[in-house]
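Visitor: Below you will find the structure I want to go over with you.
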Amino acid sequence: MTMLFHDSLALAPAQNFVAAERRTRSLLIVGIGLQVALALPSLTAFFVDDRLINDISVWIKPLKFQASLVLMLGTLLVLLPLIDVRTRTGRGVWLASLMAVITASGEIFYITLQAARGRASHFNVGSPAEAIAYNVMGAGAALLVLSSLVIGLYILLRPRPDAPIGLRLGGGWGLVLGSVATLFTAFALGSGQIDGPGHWVGGVRTDLGGLPLFGWSRSGGDLRVPHFFATHIMQALPLLGLSLDRFAARFARPGIVIGALVCLAVVGATFIQAVQGYPLL
Amino acid sequence: MSPDTVFSTTSSTAMAGWLLLILAPRWPALIGFIRCGLIGALSLTYAVLIFVYFFRVEGGGFGSIAEVRTLFLDDPVLVAGWVHYLAFDLFIGTWIAVEADRRGYNRLLQAPMLVATFMFGPLGLLLFFITRASEMALTARKA
């Protein structure tokens with residue numbers, strides 16, 4: 001009996017770690033669940049609702065954002081174990097995860113609600129409420145990106161001692177560079193300084209006949225292209241790190257450096273291409 | 001009491017329940033109060049409305065759109081229908097809150113599901129069902 005009692009005492013801090021980690025993971029998992037929960041009715045509505053925005057179904061945008069946010073929160077969830085256990089179960093990681101989930105959910109709720117109302121969510125300042133909502137969404141999106149930047153910094157600065165080097169560098173730098181590049185492209189996209197409000201630069205201002213799946217303009221520049229590549233650095237570099245660890249562990253470090261440079265070059269090149277009014281393809 | 005009074009009284013009662021559910025701490029006594037006190041009162045109101053007014057409506061019934069429309073053209077029965085929404089939505093909301101607490105969902109993430117249930121009943125329930133299914137799928141894989 002005494003033995004048991006002492007055992008449980010010794011186990012107590014470890015159990016706290018487990019509970020704290022479960023709390024953070026549960027946040028991200030429930031956040032992912034919310035996105036999926038909105039995606040299912042949105043997908044069904046896509047087939048029965050004939051309302052259009054920019055000549056395509058109102059439900060395309062919520063579906064793209066739902067998919068993208070599942071991917072983003074999922075990336076955080078998968079990369080979390082790379083952080084040292086003490087840090088990972090601490091307040092900072094929890095707060096960054098909470099921030100990511102809250103802003104992602106707020107954003108997707110507004111985008112889905114606007115689709116249901118048959119109204120645009122982005123660049124829509126048609127009514128005072130929508131103008132406020134669009135600004136709040138901008139602030140929320142910035143906070144969402146900053147929270148993944150924070151997680152990335154944690155991975156780089158407080159890694160788990162035995163974390164595989166490629167995944168650690170790929171995950172950390174992927175989140176950091178992805179966040180910075182996303183902030184930059186989103187700011188250029190949202191400012192409306194490049195050829196007026198909207199994601200188009202020149203070309204026909206419609207989403208009809210865009211690139212399959214993505215909807216990017218084929219008649220002119222589209223600022224969503226660099227924004228897409230910037231955001232998905234957050235997945236590309238960790239995946240590169242994972243495969244380097246598996247197939248070429250010796251080259252993990254230089255591999256990630258080269259990969260990061262390539263990613264930034266792609267974002268830069270597609271950005272210049274879009275600003276000059278050329279379609280990606 | 002006029003249908004207008006019943007409408008506004010029951011709506012305020014339900015609103016109070018939702019505010020408590022979304023904002024207040026989840027004390028067992030409070031949950032009990034929402035369940036038995038508020039939802040109980042709404043259900044009692046519904047029952048009385050049905051007892052008194054439902055069977056008076058000529059040509060009313062559940063068999064066709066026309067019959068249902070005839071029912072809802074009658075103000076007391078329309079209010080009864082509204083109270084039905086209020087009572088059942090709040091009941092479902094309370095169940096979601098209790099179940100979400102048990103599963104350890106953060107209160108800030110419960111709020112949108114509860115608001116959706118408050119506004120559009122089954123939509124909120126669907127959100128909770130799918131969220132829970134996703135959560136179970138993701139945690140089961142880990143364990």
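Quick reminder: no glycine exception, Cβ is built from N, Cα and C everywhere.
Keep in mind that TrEMBL annotations are predicted by a computer and have not been checked by a curator.
Per TrEMBL, transmembrane segment is recorded for A:27-47, A:67-85, A:92-112, A:132-157, A:169-190, A:225-244, A:256-275.
For the listed features, I'd like the structural context: burial, neighbours, distances.
Guide: Counting residues 6+ beyond its ends, the transmembrane segment (A:27-47) has Cβ neighbours under 8 Å at 57, 59-60, 62-63, 66-67, 69-70, 73-74, 76-77, 80, 94, 97-98, 100-101, 104-105, 108-109, 112, 115-116 in the same chain.
Residues of the same chain lying 6 or more positions beyond the ends of the transmembrane segment (A:67-85) and with a Cβ under 8 Å from any Cβ of it are 17, 21, 24-25, 28-29, 31-32, 35-36, 39, 93, 97, 100-101, 104, 107-108, 144, 148, 151, 154-155, 158-161, 163, 167-168, 171-172, 175, 231-232, 234-235, 238.
Sequence-remote contacts of a segment are chain residues at least 6 beyond its ends whose Cβ falls under 8 Å from one of its Cβ atoms, and for the transmembrane segment (A:169-190) they are 75-76, 79, 82, 138, 141-142, 145-146, 148-149, 151-153, 155-156, 159, 199, 223-224, 226-227, 229-242, 244, 252-253, 256, 259-260, 263-264, 267, 271.
Note on the transmembrane segment (A:256-275): residues 166, 169-170, 173, 177, 181, 185, 188, 194, 201, 221-223, 225-226, 229-230, 233, 236-237, 240-241, 244 of its chain, located 6 or more positions outside it, place their CB under 8 angstroms from a CB of the stretch.
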